[in-house]
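Peer 1: As listed in TrEMBL for this protein:
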ACT_SITE  11  active site, proton acceptor
ACT_SITE  228  active site, proton donor/acceptor
ACT_SITE  231  active site, schiff-base intermediate with DHAP
BINDING   11, 18, 52, 94  Mg(2+) 1 binding site
BINDING   18, 90, 103, 104, 132, 241, 242, 265, 286, 347  beta-D-fructose 1,6-bisphosphate binding site
BINDING   18, 132, 265, 286  dihydroxyacetone phosphate binding site
BINDING   52, 53, 131, 233  Mg(2+) 2 binding site
BINDING   231, 232, 233  Mg(2+) 3 binding site
BINDING   232  Mg(2+) 4 binding site
Ligand code: 13P
Ligand code: 13P
Ligand code: MG
Ligand code: MG
Ligand code: MG
């Protein structure tokens, strides 16, 4: 059976501040989602949370970008927002940028990751869900999962993965994408995905047959809204086993925390901490950024799960290291590189402050910088 797995997520109100969701709001989203299941719009749904964000994990047969599925998610988030408003939760309806639904939630605020596939004899999938960060947080772990044999032994050992994987990389500013095949074009791939402020991995495909392996939400809230409305807090779907990386190979990159953008006011660099569902409540300096891993076995379109995959003491060291990194970075306060560089700050509330002061800058006779590529001042090796 060909099924579609759609994960649609939004922050519709925080409890307290931006740290968590309120049970009544989550219950309302679940109620609307379950009604959609009763009606037959979707086959199954699992509602999960990370920090102040709620994700609807749905299975159905309508394909990706299907209006009835997107509409159901939109209506569930609207109903949840009403509850959040009643409780005066923080930022009620935060990620819903529009009042009217127009066929697809893309561009309206919620994050979306969807894939369609023929359900295998056994179909294990993992839904990663992060809070206080951006879609580029997935660049490094996706590279390790699908292109680094030091992480994924299967790339070497398993003949069904030996041909490698193709990455679809999107330029978040132009909306254009490029497909790069690994291992042959690995170094080209890294030129782009190492530049996390601009390029994000949108999907990964298996080279041997073009089968979809992973897909991520790449929506950037500030670019959609044209102002800072919070961080994107992305989701990522990865298929596991039998020609894809094993569950443990997919989780392995999270065993060593790395730095991502987000955290307080979406304006800082911080470590991504892998946590259990219960620990997904970022409070220290509104963070540090969190990620959960919800594992499912899909059975005739039903979601068997979620299994809380980071609820494993083997990830305690990663959590502890992330806490140490957080401590170290906090020493840096408002100074870069803890605070994001100016180009990134353009998408926060800082421009309002700069606007107020811009006329105070005076020419003091110092030379202006040359434009890059102008030929002058270049270093010749
Ligand atoms: P089990 O013997 O526990 O099924 O493990 C198989 C395996 O390949 C683990 O990576
Ligand atoms: P959220 O995107 O999780 O709402 O975070 C916004 C923020 O500014 C946290 O400090
Ligand atoms: Mg919030
Ligand atoms: Mg959030
Ligand atoms: Mg957010």
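Including glycine, each Cβ sits where the backbone N, Cα and C put it.
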Peer 1: In whole Å, note down how far the CA of residue 52 (Mg(2+) 1 binding site) lies from the CA of residue 242 (beta-D-fructose 1,6-bisphosphate binding site).
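Peer 2: Here the two Cα atoms are 34 Å apart.
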Peer 1: Find the one among the binding-site residues 53, 232, 233 whose C-alpha lies closest to that of residue 18 (Mg(2+) 1 binding site).
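Peer 2: Closest candidate to residue 18 (Mg(2+) 1 binding site), judged by Cα separation, is 53.
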Peer 1: Below 8 Å Cβ to Cβ and six or more residues apart, same chain only. Which residues does that give for residue 11 (active site, proton acceptor)?
Peer 2: 18, 52, 53, 54, 91, 94, 95, 230, 233
Peer 1: For the dihydroxyacetone phosphate binding site, please report the maximum Cα-Cα distance among 18, 132, 265, 286 in Å.
Peer 2: 10
Peer 1: Given the binding-site residues 131, 132, 232, which lie within 10 A of residue 265 (dihydroxyacetone phosphate binding site) by CA-CA distance?
Peer 2: 132
Peer 1: Ligand 4: which of the recorded positions 11, 53, 233, 286 have a Cβ closer than 6 angstroms to it?
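Peer 2: The recorded positions passing the 6 Å Cβ test are 11, 53, 233.
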Peer 1: Cβ within 8 Å of the Mg(2+) 3 site's Cβ centroid: which residues qualify beyond 231, 232, 233?
Peer 2: 11, 53, 111, 130, 131, 132, 133, 134, 135, 221, 230, 234, 262, 266
Peer 1: Determine the recorded positions, out of 103, 228, 232, lying near ligand 2 in the sense that the CB is under 6 Å from one of its atoms, and give them in sequence order.
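Peer 2: If the test is a Cβ under 6 Å from any atom of ligand 2, the answer is none.
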Peer 1: C-alpha of residue 131 (Mg(2+) 2 binding site) to C-alpha of residue 228 (active site, proton donor/acceptor): distance in Å?
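Peer 2: Roughly 16 Å, rounded to the nearest whole number.
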Peer 1: Where does residue 53 (Mg(2+) 2 binding site) sit in the DSSP three-state scheme?
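Peer 2: The residue in question, residue 53 (Mg(2+) 2 binding site), is strand (DSSP, three-state).
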Peer 1: Beyond 52, 53, 131, 233, what residues of that chain have CB atoms within 8 A of the centre of the Mg(2+) 2 site's CB atoms?
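Peer 2: The answer, listed by sequence position, is 9, 11, 18, 49, 50, 51, 130, 132, 231.
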Peer 1: Starting from the Cβ of residue 231 (active site, schiff-base intermediate with DHAP), draw a 10 Å sphere and report how many other Cβ atoms land inside it.
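Peer 2: By my count, 32.
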Peer 1: Taking Cα atoms as reference points, which of the binding-site residues 103, 132, 286 is nearest to residue 231 (active site, schiff-base intermediate with DHAP)?
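Peer 2: Closest candidate to residue 231 (active site, schiff-base intermediate with DHAP), judged by Cα separation, is 132.
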Peer 1: Given 94, 103, 228, 231, 233 as the recorded positions, which ones have a Cβ positioned under 6 Å from some atom of ligand 5?
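Peer 2: Result: 231, 233.
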Peer 1: Who sits close to the residue listed as 'active site, proton donor/acceptor': which same-chain residues at least 6 apart have their Cβ under 8 Å from its Cβ?
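Peer 2: Non-local contacts for the residue listed as 'active site, proton donor/acceptor': 222, 265, 266, 347, 348, 349.
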